[in-house]
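The next block holds one structure in the form of structure tokens; read it before the comments.
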Amino acid sequence: MTKEFHHVTVLLHETVDMLDIKPDGIYVDATLGGSGHSAYLLSKLGEEGHLYCFDQDQKAIDNAQVTLKSYIDKGQVTFIKDNFRHLKARLTALGVDEIDGILYDLGVSSPQLDERERGFSYKQDAPLDMRMDRQSLLTAYEVVNTYPFNDLVKIFFKYGEDKFSKQIARKIEQARAIKPIETTTELAELIKAAKPAKELKKKGHPAKQIFQAIRIEVNDELGAADESIQDAMELLALDGRISVITFHSLEDRLTKQLFKEASTVDVPKGLPLIPEDMKPKFELVSRKPILPSHSELTANKRAHSAKLRVAKKIRK
């Protein structure tokens, strides 16, 4: 891992080991990031195995081309610079119509958070950006300065689950009427000013939920995850597995619901046997989400909210 792209991988062994890797299998890392999961997965593949890695951040791919060089030289890795919502189309174009396993590490990566100019962090002053793909058009600046009041309230409440969404949106509306809100610090201060004093005494930064909400809107994170996970589940071969790491309740709720729908069936009352074509296509590998160990939590504070869910395809 290069110094410019330092990222501590969360739930490394659990996420990959739960995929039950076949040495000659075809696998996908839908969120390459710092390439930690990819490197560990590749170490389990034989010469016939292959890994397809997706990331919309060119810096992540540039970093992986260094850290995964030995596997690249053996022709075991293919990098795809794209949003993982296009996963099915991109894989199909490469002649891949079935995979043995796939993993997702959802949310923003540590290097993106730590790189000041990306504008993801409320702790560092930077232009309002928050794009995971630097070539996409919508930025946090546009959301904050051009979205109508009601849209801001909806986004803050839906994606940030902040009970002061209206007050914050009103404060933003008043400020931008005087001049555009241009930096993360300006926005964070407005959010703080919109909240009552007793709220500011609570643990955690007062701007955290709103920054999350804007980031999700800018990158359409939940829409992309929904599309991609459903497509991935279709692509899985029989006995193929999918591992999904989430970092907040919205991502976890989405993943849990998709897995539940695929692993359960509504059987009409009184039906003695479930017809084959009505049986669920998936089963949960673990009923409850897998959480980081105590030692991992001690070593990496960013792992504290991580949850891993895994499902296995049992019927085509």
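Quick reminder: no glycine exception, Cβ is built from N, Cα and C everywhere.
If you look up Swiss-Prot, you'll see S35, G36, H37, D55, F84, D105, Q112 marked as S-adenosyl-L-methionine binding site, on the strength of sequence analysis.
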Same-chain residues at least 6 apart in sequence with Cβ under 8 Å of the Cβ of F84 (S-adenosyl-L-methionine binding site), in sequence order, are A30, T31, F54, Q56, Y104, A224, A225, S228
Cβ atoms other than its own within 10 Å of the Cβ of D105 (S-adenosyl-L-methionine binding site), all chains, total 26
Same chain only, sequence gap of 6 or more: which residues have a CB within under 8 Å of the CB of H37 (S-adenosyl-L-methionine binding site)? T9, L12, T15, V16, D29, L103, D105
Using CB atoms and a 10 A radius, I'd like the single residue among the binding-site residues G36, D55 with the highest neighbour count. D55
